[in-house]
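Here is the structure we will look at, set down as structure tokens.
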Amino acid sequence: MNRRSCAFIFVTGGVSSSIGKGLTTSALASLMQSMGFRVCIRKMDPYLNVDPGTMSPLQHGEVFVTEDGTEADLDLGHYERFTGINCTHRDSTTAGRIYVDLIERERNGEYLGATVQVIPHVTNLIKDFIYSGSDQYDVILCEIGGTVGDIEGQPFFESARQVAYEVGKENVIYIHLTLVPYLEASGELKTKPSQHSVKALNALGIQPDFLICRTQSAQMSAADKRKIALFCNIREGNVIEAQDVDNIYKIPLIYKEQGLDTKISALLGCGPLEAGVSHWKEIVGRTRSLANSGKKLFVAIIGKYSGLCDAYISVDSALQHAAFAVGVNLSVQIIDARGKDMSDLSKFDMILIPGGFGNNGIDGKLLAITHARINNIPFLGICFGFQLAILEFARNVVGIKDADSTEFNKNCKAPVICFLDEWHRSDSSVERRRQSSQVGGTMRLGGYNCVLKKESKAYAIYNETEVISERHRHRYEANPHYLPELEAKGMLFSGYSEKGCDIPEILELKDHPWFLGVQFHPEFKSRIFKPHPLFLSFVRAGLLRKYS
């Protein structure tokens, strides 16, 4: 379905943050894909950080890394997993990035002495981001982070208003998500917060075309929808209910059942097209049957951000993708490496240590690695987990008692993990970093090739592919000086960076059924319809150990 001009769908939220804008945007994009539209999804975050790379996962959830090395909001992970389309730097921005660009332009004299203001200068830069590459798509879906009424979000809402003015309202749709709370004491749903949220949006010059009402257990009545439609000046049929679900892949089906797909296509002047959802029905049906499966695995994610499940959302998703493909019910528990739950890991069939930074909780993580190594429990270490697996092995097997990482101890006597100061980009140019560089600028980010050793477990897992590509986010690496000692005791480094610097990328233990560490982040490339081979093999190893 090729439209003569690109349409823009803006997804906004009110009443509460974390209301599901990213999942709604992802689900809508997948529905529009199935109708034949060429879609693109973009995220605009109003916070003043240039990117989320230096933000605490406890505040903002995980940092998602795109193929081109962009550190982005976790919603881009949802976008990729629902649509299968890889996002780039053109699909994510923040108020901080916009203002940095603005100040640089002003300092370079690009505004020719004009008084630089929010309107038109900031809004013009935001619109440049929105319009970028629009000739390649039929529909661009733009999610505005935060909630209506946030002071830092006003330039983004104003830009969304201006887009309709510039391209014509017939080419723009506004979708607003609100929370409809249920008061147990009175036994009723309350619509007033939604009314006030839409009123605040109206004050910014935007009248939503659709209102998606998030509810919990109580279902909205026809009277509730009529009331909201009347007070919010929205067609009754365009008031969509979105109840909490136990499986996010039900969301496209929920919107399809209420005709959101046909209503959007009709509003865009393309007729009442219908989305194909048979693939989502299959996913939901199979996951429902897995919940009743007799085979169940328990996996522990040992981290330090246990207070927020979104901190490891891509890892959890990748595990569930693999479990779905293998046909096993998987229970994932995030364990605080500093907490009392570390005292008993015997109930877990698999152990995973994800990416992270700093020495907080490393003792617990090292204990978990030792437990997995000694007891032949399937183990996967990702990024920081890869480095800690080397550290544990160096101390407890090789006998390097002073083994440490310069991340924790800059003056350590045996730096088995050290600062990564040079590597080759995909275009063969050399990237260099110093420890004195800005914190946000010392990472090796994005997709890089890795060469696998034949006859290794990794080579078999990747279907005997000699060169693979994975996404990275790290500033420390295994110190090549210590690799011979480690390999002499049974640790095989089965993957290395492809060009020039020979950075160790994959480790495995020769005398362990399944013990792997990877310097990269395989979770970022896993999809529900194409699970990542490492996670598939990891889950199969857990299944084999428990049920063989």
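Cβ from N, Cα, C; glycine included.
What Swiss-Prot says about this one:
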type	residues	note
REGION	1-270	region 'Amidoligase domain'
BINDING	Ser17, Lys190, Thr191, Lys192, Pro193, Ser194, Gln195, Lys227	UTP binding site
BINDING	Ser17, Asp150, Ile151, Glu152, Lys190, Thr191, Lys192, Pro193, Ser194, Gln195, Lys227	CTP binding site
BINDING	Ser18, Ile19, Gly20, Lys21, Gly22, Leu23, Asp75	ATP binding site
BINDING	Asp75, Glu143	Mg(2+) binding site
DOMAIN	305-548	domain 'Glutamine amidotransferase type-1'
BINDING	Gly356, Phe384, Gly385, Phe386, Gln387, Glu407, Arg475	L-glutamine binding site
ACT_SITE	Cys383	active site, nucleophile
ACT_SITE	His521	active site
ACT_SITE	Glu523	active site
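Sequence features, as recorded in Swiss-Prot, placed on the structure.
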residue : record                   : Cβ within 10 Å
Ser17   : UTP binding site         : 12
Gly20   : ATP binding site         : 22
Gly22   : ATP binding site         : 23
Ile151  : CTP binding site         : 8
Lys190  : UTP binding site         : 14
Thr191  : UTP binding site         : 21
Cys383  : active site, nucleophile : 23
Phe384  : L-glutamine binding site : 25
Gln387  : L-glutamine binding site : 26
Glu523  : active site              : 28
Protein Cβ atoms within 10 Å of Lys192 (UTP binding site), excluding its own: 13
From recorded positions Ile19, Lys21, Leu23, His521, the one whose Cα lies nearest Glu143 (Mg(2+) binding site): Lys21
Averaged pLDDT score, the domain 'Glutamine amidotransferase type-1' (305-548): 89
Surrounding CB atoms that lie within 10 Å of the CB of His521 (active site), all protein chains: 23
Any further residue of that chain within 8 Å (Cβ to the Cβ centroid of Gly356, Phe384, Gly385, Phe386, Gln387, Glu407, Arg475) of the recorded L-glutamine site: Gly355, Phe357, Cys383, Leu388, Ser405, Ile417, His474, Tyr476
Distance [Cα-Cα, Å, rounded] between Gly20 (ATP binding site) and Ser194 (UTP binding site): 15
Nearest of the recorded positions (Ser18, Cys383, Gly385, Glu407) to His521 (active site), judged by Cα-Cα distance: Cys383
DSSP three-state assignment (helix, strand or coil) for Phe386 (L-glutamine binding site): helix
Top Cα neighbour of Arg475 (L-glutamine binding site) in the set of binding-site residues Gly22, Ile151, Lys190, Gln195: Gly22
Distant-in-sequence Cβ neighbours of Phe386 (L-glutamine binding site), under 8 Å, six or more positions away: Ala478, Leu507, Gly517, Val518, Gln519
Euclidean distance between Cα atoms of Ile19 (ATP binding site) and Pro193 (UTP binding site), Å: 14
Structural state of Glu407 (L-glutamine binding site), classified by DSSP into three states: coil
Shell list (ATP; ref centroid = CB of Ser18, Ile19, Gly20, Lys21, Gly22, Leu23, Asp75; cutoff 8 A): Gly13, Thr24, Thr25, His78, Glu143, Leu177
Around the Cβ of Glu407 (L-glutamine binding site), the count of other Cβ atoms that are within 10 Å: 19
Among Pro193, Gly356, Gly385, the one of these binding-site residues whose Cβ has the fewest neighbouring Cβ atoms within 10 Å: Pro193
